[in-house]
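J.: Before we start, here is the structure in question, set down as structure tokens.
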Amino acid sequence: MSRWSVSQGCGNSHKALTMAGHGEQLFRGWGMVRPSMRSEAERLRSFSAWPRTCPQPSPVEMARSGFYYLGPGDRVQCFSCGGVLRSWEPGDRPDTEHRKFFPSCTFLQQQQRDPGATDSQILGQHSGEEPDRTWESVYPEMAEERDRLDSFRNWPMYAHGNPEHLAGSGFFYTGHRDNVKCFHCDGGLRNWEQGDDPWTEHAKWFPMCDFLLHVKGEAFIRRVQESLFRSPESSPDSLGSYIYDRSPASSPGSPESWRYLQSSVAQDALQMGFKQSLVASLIQSKFLLTGSSYSSVSDLVTDLLVAEEETHSTESVSVSRAPTRMERSEPPKESAPPLSTEEQLRRLKEERMCKVCMDKDVSMLFVPCGHLVVCTECAPNLRHCPICRAAIRGSVRAFMS
């Protein structure tokens, strides 16, 4: 174990790279260097890129002790004091090493005074007030459990899932098939199967929901997220070639870039059909600029769609401007007349039109296939993507610019 604080060597350059514009002055009174990692669940998610060759301690122990994964290698950083540790060895305990090298850490000191306190309670004591959490629900009219339960009056007989359990877990029935939504975070789930536990699914897909955190606590979310890390499905060896296509055309190009494809968020994007090189590039860029990875598939997909659009625009301009041998050696052929403005607008409107109702604009991205072909009103009626016929597990709202 060796110490590497943010005030030494490479630490200074890293701080200058990652701290600018991320609330250092605002949160200084709280003693937080990385406020975005103040949640234990969020710190645990950062370890999705933790090298599999690294020995213990486990990501769960790291996150519980205030550390999130910084990289490269086995470098971790405390969200509160900014202390960085690396060169972990078997038998090392994160809390012990934290106390050994950074004894003045505010988070560590408060944790020692109140071992049972959650991150949110500790942060509230840092600032002398309640933790900064907005409890503005997306659907405040469904904040009462009895109102959510009333929404299940027309719950289909064929649908799996107990309405009382679903309502108690924050979900209300949307009125379409077996689609439910969380009143607070707007997270939507469908295609319920026998044995699915609403709270577990809530923590699996929407771990940052404040209602979930308030009712179940960080320990529950941590256990659910930890089970995802240990799941055989997350192992590269068990993933199909359609996810990890190692052909030169799609390879990110370097072992360092390959590391960014190990997270569950990256794997979901790859399953949607996005290029490995583009996914790795975006995740790597975000990590270098902010010091953290994407926390949700929707954020990554939004950036991927923008990046693809920019790439296509650049390629079309390059192709139109690049002369070819044929253009220099042969007389130009008659080209089709340019499209009128009205025709261009008609085609653009047609591309953005919902392929089901043929009326409203497309706005819902299906998971896991990634197709964007229907509007908000038509999406709940579908169980399979109309393009590829893949089963729809979830959907993400997309905003067209």
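Placed from the backbone N, Cα and C atoms, the Cβ positions cover glycine too.
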J.: Out of His176, His202, which does Swiss-Prot tie to the same Zn(2+) site as Cys182, Cys185, Cys209?
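T.: Swiss-Prot lists Cys182, Cys185, Cys209 binding Zn(2+), and from His176, His202 it also lists His202.
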J.: Here are some residues: Ser58, Ser231. Which is flagged as phosphoserine in Swiss-Prot?
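T.: That would be Ser231, per the phosphoserine annotation in Swiss-Prot.
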J.: Compute the mean position of the Cβ atoms of Cys182, Cys185, His202, Cys209, which form the recorded Zn(2+) site, and then list in sequence order the other residues of that chain whose Cβ is within 8 Å of it.
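T.: Going along the sequence, the neighbours appear as Gly170, His184, Asp186, Gly187, Phe206, Phe211, Leu212.
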J.: For Cys182 (Zn(2+) binding site), which of the three DSSP-derived states applies: helix, strand, or coil?
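T.: Note: Cys182 (Zn(2+) binding site) is in a strand by DSSP.
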J.: Count up the helix, strand and coil residues in the zinc finger (354-389) according to DSSP, in that order.
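T.: Its residues fall into 3 helix, 9 strand, 24 coil.
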J.: Just name the winner among Cys182, Cys209 (the binding-site residues) by count of other CB atoms within 10 A of its CB.
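T.: By the 10 Å Cβ neighbour count, Cys182 comes out on top.
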J.: When you measure from the Cβ of Cys185 (Zn(2+) binding site), which residues in the chain that are at least 6 apart have a Cβ under 8 Å away?
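T.: When sequence neighbours closer than 6 are ignored, Cys185 (Zn(2+) binding site) has Val138, Gly170, Phe206, Met208, Cys209, Asp210, Phe211, Leu212 within Cβ distance under 8 Å.
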J.: Once near-sequence residues are set aside, which residues in the chain of His202 (Zn(2+) binding site), 6 or more away, have Cβ atoms under 8 Å from its Cβ?
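T.: Listed in sequence order: Ser169, Gly170, Phe171, Cys182, Gly187, Cys209, Leu212.
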